[in-house]
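Listed in Swiss-Prot:
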ACT_SITE  78  active site, charge relay system
ACT_SITE  153  active site, charge relay system
ACT_SITE  177  active site, acyl-ester intermediate
């Protein structure tokens, strides 16, 4: 069994045909984590005892013919998603010793399908960043080049799937945090429509943007995970009441003949790497040869997406993170002589540089005298961006675009340049602003052998359209999934 090319669908066949047991499969992944994760550093914690127990329970169900598609499948969870009785650190000193008293709804749904959870993966602190360098505990490396970043903030999840240290993973996407690392690590990452997956148990960064999404090796594997975790949840007020008439995994079949794709001209301007652009146009040629129609269109408001996103998300973060004060829970500073000193010192020592930067930006934009000048304008831009996409979807089935303007950069390259780091999300943040579904999958490799990602974005609740488009392209893409040489 070549674990480096194994997919969820293939593992399901092996398990159901009794060619391997759930316990053997789980131990294979745990052994690989023990051997290789010292190089990649994708995991913050490995839940070995829990995984082995879950594998035993899964095998019992398989033996009785009661397995779901995810029964016995080893997965990982980003460490800002809660699992009862395990640490949820958000890669922050502030929550270094926090043990979650409850389990996120999305994880509960995986438990209900008897998936096996191998551990919690690394991220940028509180999911704020695009390189996973902002973690308080370790820097995750890109499996394709250990001197480069895996992307972020779900860099640990993308790297562990790319390195075959799990068959799939749950990440969170606030401004591209599932899709951008998936692009950098050569795997598939999917952000669902806002509200399709419950946010209950996801530690909040920016509540009107945050969304849990799957990362896996194939489009179909992502669809299988989404089938498990989606659905209405009364514990989340923003959860959609949406009745799905068929599974997402069933939508990966069928061709795209006659599909109309729109390509925003604003994503083809200065700043787009030449090799990424070349790969994009080769992908367009491939889609056209499959019977699809591709047309460039203009959406001028997209040039304002990055500043609007960082203003709004930072404002929400400054509110959400105000709860961490060293009193009820979280890091508490020593030798404080007053209550005010306790709060100030605890937050100063508990939060990292990037988190502090965004709290300051958010607090500033919400302050009296600046609210109208900055935050209110950003809200207006949100409406304009949503309207722009709505208009585009009257003409096109799917919007097509690069996932990132460049391939994975060197560790430390952008550490002292917040603007350069923010611009890595230039093609992804508008999707979160509008609450749309989007999927990134590999479409090529640059001259250094680094993966390039292509994104398909759909209308609200248009997951089936983007799964169909992505799966059709994936089936024709000659290179498909490359195995990183680690």
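One-based numbering along the chain as shown.
The backbone N, Cα and C atoms fix where each Cβ goes, glycine too.
Model, not experiment: these values are computed from the prediction.
A map of Swiss-Prot features onto the structure.
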| residue | record | CB count, 10 Å |
| --- | --- | --- |
| 78 | active site, charge relay system | 32 |
| 153 | active site, charge relay system | 34 |
| 177 | active site, acyl-ester intermediate | 37 |
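Residue 78 (active site, charge relay system) sits 11 Å from residue 177 (active site, acyl-ester intermediate), counting Cα to Cα. The CA atom of residue 153 (active site, charge relay system) is located 5 Å away from the CA atom of residue 177 (active site, acyl-ester intermediate). Residue 78 (active site, charge relay system) falls within a strand segment according to DSSP.
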